[in-house]
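Per Swiss-Prot, the features are:
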type: TOPO_DOM; residues: 1-8; note: topological domain 'Extracellular'
type: TRANSMEM; residues: 9-29; note: transmembrane segment
type: DOMAIN; residues: 75-347; note: domain 'Protein kinase'
type: BINDING; residues: 81, 82, 83, 84, 85, 86, 87, 88, 89, 103; note: ATP binding site
type: MOD_RES; residues: 148; note: phosphotyrosine
type: MOD_RES; residues: 201; note: phosphoserine
type: MOD_RES; residues: 230; note: phosphoserine
type: MOD_RES; residues: 231; note: phosphothreonine
type: MOD_RES; residues: 236; note: phosphothreonine
type: MOD_RES; residues: 244; note: phosphotyrosine
């Protein structure tokens with residue numbers, strides 16, 4: 001009898017200790033989360049019922065909220081840099097030395113609001129040389145604003161398909177930089193991030209022509225132990241992986257496929273939905289695979305790259321091979337972005353050692 005009571009006593013003590021331990025751990029995690037957000041965010045109300053939140057940004061901290069909103073209210077169509085995802089992006093000039101890219105998101109549904117907050121959670125602590133920095137945001141009952149650093153050379157899309165020719169060295173460097181940015185989102189962010197809309201217009205170019213991955217309006221957070229998510233279908237025709245149309249599920253391997261299309265775009269100088277392809281009822285990927293099947297790979301390379309050195313031609317062939325790996329119909333066969341980065345970086349090392 002005494003042994004039974006003693007056993008019950010020890011069991012009770014163990015259960016109580018276990019519960020208290022869980023509570024203590026939960027409190028520690030909460031304090032850590034609160035301290036982290038207190039350090040990185042500085043929110044204050046703005047006239048009109050809105051609230052501005054600034055992440056650690058010396059550039060944004062030097063601008064008063066009243067000045068920022070005053071400038072924002074003067075934005076017009078002439079300030080538009082582009083549209084896509086959930087909203088429109090404007091160039092916001094504060095003074096001669098301070099300029100931002102501001103993305104305006106029209107609020108209207110709870111689903112869109114959830115997407116907005118999910119985006120902020122994903123972007124708040126992301127700091128990488130190949131990802132566009134989010135300086136802060138403004139939220140109000142009528143609309144939301146995301147405040148980014150401005151990329152002076154615009155998007156890869158506008159640069160690649162514009163009047164200025166982009167040499168191979170620049171294209172290769174952009175490919176490597178974009179791959180590093182996407183790899184960081186996939187494998188180094190916690191939770192991991194699936195971009196869902198990798199395309200040339202979402203790869204921006206800084207003052208050094210370095211690639212910066214942008215537009216997380218369509219980004220989806222993924223817990224580390226998940227292999228896919230199923231929310232709304234998003235993406236851009238010509239870049240979407242074939243399985244996306246069957247399942248509606250966004251995956252990392254879907255992003256890899258989209259990046260493969262970007263590599264083809266860099267090699268061919270052609271848009272995935274070029275008018276010529278549209279007239280023939282096809283797209284860039286289908287055309288390239290047909291050319292490979294006919295063993296006419298030489299027609300793939302952009303005419304503006306003709307006359308490149310022997311070393312550069314070898315690099316183009318190697319990048320073409322990596323693009324085809326990314327475009328494998330079976331997702332499981334495609335390489336992870338970490339592997340894509342290694343393959344792209346190895347090209348320079350191998351070609352240098354050969355010459």
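Each residue, glycine too, has its Cβ placed from N, Cα and C.
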Between residue 236 (phosphothreonine) and residue 83 (ATP binding site), how many Å separate their Cα atoms?
13
Give me the non-local Cβ neighbours of residue 89 (ATP binding site): same chain, 6+ apart in sequence, Cβ-Cβ under 8 Å, ordered along the sequence.
80, 81, 82, 83, 101, 102, 103, 104
Which entry in the list of recorded positions, 83, 236, has its Cβ near the fewest other Cβ atoms, using 10 Å as the limit?
83
I need the CA-to-CA distance for residue 87 (ATP binding site) versus residue 148 (phosphotyrosine), whole Å please.
14
Rounded to a whole angstrom, what is the C-alpha distance between residue 148 (phosphotyrosine) and residue 201 (phosphoserine)?
16
To the nearest Å, how far is the Cα of residue 201 (phosphoserine) from the Cα of residue 244 (phosphotyrosine)?
20
Segment confidence, the domain 'Protein kinase' (75-347), expressed as mean pLDDT:
85
